[in-house]
Amino acid sequence: MLKLFSRWRHDFHSHNRPQILRHLTKSHFEDDPPFSPILKPQNQKNKKLKEDASNKKPQNKFPVKSNLPFDFRYSYSETNPSLEPIGYRETPKFSPFGPDRLDRKWTGTVAPLQQAPDMAKVEEERNAVLGNPLSEEEVSELVERYRHSDCSRQINLGKGGVTHNMIDDIQNHWKKAEAVRIKCLGVPTLDMDNVCFHLEEKSGGKIIYRQINILLLYRGRNYDPKNRPVVPLMLWKPYPPIYPKLIKNVADGLTFEETKELRNRGLNSPPLMKLTRNGVYANVVEKVREAFEVEQVVKLCCAHVGMSDSKRIAVKLRDLVPCVPILYKDEQIILWSGNKATENTLNDLKR
C-alpha cells in the first residue's frame, strides 16, 4: 500500500506541477509588492528632445518648385530638342519625377519651363557666383589636386551623357570640394565640346582643365552650398521615345541599285577603325573626315559595342562629319560621304 501511495503521489505532483507553479507565479508576483515589476520612469529630457526633433524635421512639400532656367530632360547632351518623336513606349502621363512632385508638366520627353527666364539676369547671377577668374597658380593647384585617377571627387559620365540627376551629384560634391573630376567614356566622347557646354550651362560651373576625356569642373569663388539651386530628382529612367528610322532603304539622291552597290562596296572594304565598348572616341570624327577626302564609303567595325551604342555613334557621325549612314550589318557601320560626291561616285561605278 505504501508503495502504491508513494507512486500515486509522485505521478500527481509530476503532472500537476506546471499548473501549480503557474498559479503560484500569478498570485504571488501580481499580489505581492516585493515581486511586482518595477516600471522605469521615463526621462522627461529625452522625451522633450524627441518631440523637438520630430517638430524640426523638414516636411516634404510637393510639388517641388525649381528656378533652374532650362527645360528638364533625362539627357541634355545626347538628345536633340529639334527632333520630334513619332511615338512613345510609355504614356506621357507617367512623369519620371513622380506623381504631383514637380510644378512642371511632363510631355513624354521634357518638362518645359512655365515662363521664359530672363537670360541677362541668369548670366549675371552665374558670373557673381564664379567671381573673378582664377590665376594660373590657382588653376595649376586645383588641377594637381583633382586630376589624378585616385581622386575621391569623381563622376563617371557614360553613354547617357550629361543626365539630369548628374547635376545634383555635382552640387553634392561641391559642398566639400572646389572642383569635380569628370571621366567621360562611350558615345558622348565623340563630341566633347557639346559635353563641356552642357556641363557649364546646366551646373553653372567652369571647365578649368580638359585632357581628352578628363574634365575638371570648378564651382566658383563665391559658391555657397546653402544657396544651391533646387534640383528635383528623377525617380527612374524614362523609356526612350520612338524616332524616325535612321537608315533608309534607299539613300536620298540615289536609286536602289546605286545604294546597293555602295553598301556592297563598303562591306568589302577594310575597316577604318575598330571601336570598343565604352571606349574613348575623341578622334573618330577627324579620321572619318580625312578618309572621306580619299574614299566615298567608309566602314567602322563596332564588334562588342552593342546595337544601341552603334546606332548612337551613327547618329552622332551623321551630324558631326556630316555623312549618311547607309547600312548597319554584322556589327559594322557603313557611311557614305553624301550628295556632294554623288557625281564622282556614279562615274566610278560606271567605270
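Glycine is no exception: its Cβ is also placed from the backbone N, Cα and C atoms.
Over in TrEMBL, the protein carries these features:
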| type | residues | note |
| --- | --- | --- |
| REGION | 32-63 | region 'Disordered' |
| DOMAIN | 132-230 | domain 'CRM' |
| DOMAIN | 252-348 | domain 'CRM' |
(message) Mean pLDDT across the domain 'CRM' (132-230), rounded to an integer, is what?
(response) 93
(request) Using DSSP, tally how many residues of the domain 'CRM' (132-230) sit in helix, strand and coil. (result) 41 helix, 23 strand, 35 coil
(request) By DSSP assignment, list the helix, strand and coil residue numbers for the domain 'CRM' (252-348), in that order. (result) 46 helix, 19 strand, 32 coil
